[in-house]
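The block underneath contains the structure these notes are about, expressed in structure tokens.
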Amino acid sequence: MFNKFFKQKASKSNWVCHKCKNEVDQGEKCKTCQRWFNKKKDEEVGSTRKEQNSKEALDGATSHSGDDQVNRINCDVGEEGGIETVNSSGWTCKICYMSGNQSTECKMCKQTKKDLSDEDNIKNRRKRKNLNRSRLKAGHSIRVKDERDKQRKVARDIARNITDYCNKNNIHYEDKGFPNSNAPKRDEGQWQRIGQIQDKSCKGKESWTIFRNPSPDDAIQGEAENCWFLCAVSLLAQKGELLRDIFITENFCEEGLYQVRLCRDGNWKTVIVDDRFPCDEKGNLKYSRPQNKQLWVMLLEKAAAKLYGGYEALHSGLVVESLTMLTGEPCEHIDLKGSDVEKKDDNKLKLDRDKLWTELKDWHSSRYLIGISTPEDLQQEELESSHCYPVLEVQEMNDKKLLKLWTCSDHNHCITGCLKNNADLQKEKKRLLRNLKKGEFWISFEDEFTKYFNSLSVCKTDEGWFESRFKGVFPPILNKEWKYYSFRLVNDTKLKLGLFQKSMRGTGLKIETFTDLLIMVLRNQVDGSGHPFVAAPLFSEVISYSKRRARSLTTCNVDLTQGSYTVACFSFGKLRQDNDVEVEDYVSYTLSIHSSVQLLFMDECEVNASGFPELMYAPADALITLAKQSKIKENDANISQSDIRLSHIADGVYCVMFMFYGEICVFINETTEGYSYIRNYGHSEYIMSVRHRMKTTDFIPPKSGRVINIVTPQTPETSWKIAAQKNFLKSQPLESSPPVPDTLEGLLTPRPIPEITSS
């Protein structure tokens, strides 16, 4: 996943550098390119060379200019809108999966053949300004409801074409794309239409409907181990407006066609499904079942299964992932036990229970969606291990803090929780148990929640907000392609930001290959005319920042006043030292910005160093500004946390270590003398350095700051440790060791320190 700090395994024979064509002695570095042997690219002398035409094809794929390369990488092909399949009997539409089309228009859904190369084009074409284009000159954020309505209108036009075709030909719609021929064996078997299923849950006098009276206990888990998904589904039942926003098809469809909106990797997708569901040999449903002949849970589960390639792909996950999938919001994930990998070297951050309880009450009163999870090694008989529970109520009685939960699994496993043996609550027991549905139970916040649960996810949904979504890539080198998002506010506003990367769910990989993600919200340093990015330092303040984490999503919430701002998205784990990069080295991402007021982008919003050369040094300036700010606020309650450490060297000289999924080390020199600084991570375990060396020596000029190193765990699952030795002294200028490559100058170059005063 990451580029490790150590060189690759040495060749057993001499090798030929694919860049300069020099023959290099075994175990040595190419003297011309300063590269070590790369098994994928370089050739061992005596080994069989690749076919010349294969090499030419590879060269052709990587010889484009930087801008062309990024444009190709940004092409988003949705699962339902992939490139069409062509055969002797015609082409197959990837919207409705109608085969045998001979003309350029699909005879069922009426989409033209050229549209099928990009699902997003179908949704965005002639309907709105696409805020995801590579250069946004001007525009505005869109109200969430307006954006949803525009997408629904396009989807309904397609649905109308399909149902008209079905009625004309007197057939039911059948989705030929799901299950597909590559579906896991677990998804194979009998697929029956809803009216033909023999399961007892499908019997009854009621007519079939999508919704009748949605309730959390509609989401009963079947064979799929997807409690993480059904937890979010049951929470949606408490907010009917959110639930109905997901369904484009609002009523039972006789033709068997249903459309559902789901958000994958930060981008909304319209998923078409039919009314066939997998059954066992006895005709019973294998997965979720209808309650009171309502289809909404079954349709949601099937749409998610199709989106990721099968029901088997829904095995195991985090509640935050499902909440984001169903709402499109940048949801938060909190590790209650300090068990997350970024805290393993952080003495396990102590949970502020009073603060968390206050937040839980506030979230519940705001009707936010809350889900909690138990660890795999849970030692408690009455709760399931590795299970997710929706929080339905938060109450305080007789100084006892209580949470009402529900389980989507076997109802016989449910308990009355803290009411069983708690004498203090016996007087309230009858009232608490009144109207308690099957599967619901109460737990104590102090005695059970903080003891047995290891994570919490919350989705802060707010009505009437606006959204913008931007697509981009993280290049493997700090070049002019690195993109930032700048805007000016004329009104105070609240922002919720989410940075998404592609999940491997459904690809067959057992371990996610996430890189690290970090969001920073910065106040721009502007000139007399109010223009940003004119001179160093680029930023005057770090307003807020997210956790740096190797997951599918990281989030950041911030309140902003009038002014000029930049949202910077960073990923340091895959940065390379050479320019020998390929398409697969780029990491795609989506940035979502939800705002309480409409954001106006009157100037360029997506900016980079091509238009503003000083932005080449934005990574260094952002981290130096944060380090300076942390020193000023080191005594503040919000700063004096164990994820920020300050090492005082002399008056005006200090080193700041940000324990963000590894460590980011920044040296600040506010004096008039130069300093040299040596830092050695040699005794650390399972980490890699952005400088590809554990020991570094650098010179920090007077009145300057410098990023010394960034070390990152080798993989998100690795158990790692950081141990650093340091030395410093006043010094004359000296060369860095190892030398700073051109590809990392924007991060490791000394930069002026911003003037920040304590507020």
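Cβ atoms are placed via backbone N, Cα and C, with glycine included.
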(request) Give the range, chosen from 44-70, 125-151, 179-205, that TrEMBL lists as region 'Disordered'. (result) 44-70
(request) Choose the correct range: of 340-367, 732-759, which one does TrEMBL annotate as region 'Disordered'? Give that range. (result) 732-759
(request) Specify the secondary structure state of CYS227 (active site) as given by DSSP, simplified to three classes. (result) helix
(request) Find the average pLDDT over the domain 'Calpain catalytic' (190-462) in the predicted model and report it. (result) 86
(request) Kindly report the helix/strand/coil residue split of the region 'Disordered' (732-759) according to DSSP, in that order. (result) 7 helix, 3 strand, 18 coil
(message) Taking only same-chain residues 6+ apart in sequence, whose CB is under 8 Å from that of HIS387 (active site), what do you get?
(response) CYS227, SER373, THR374, THR407, SER409
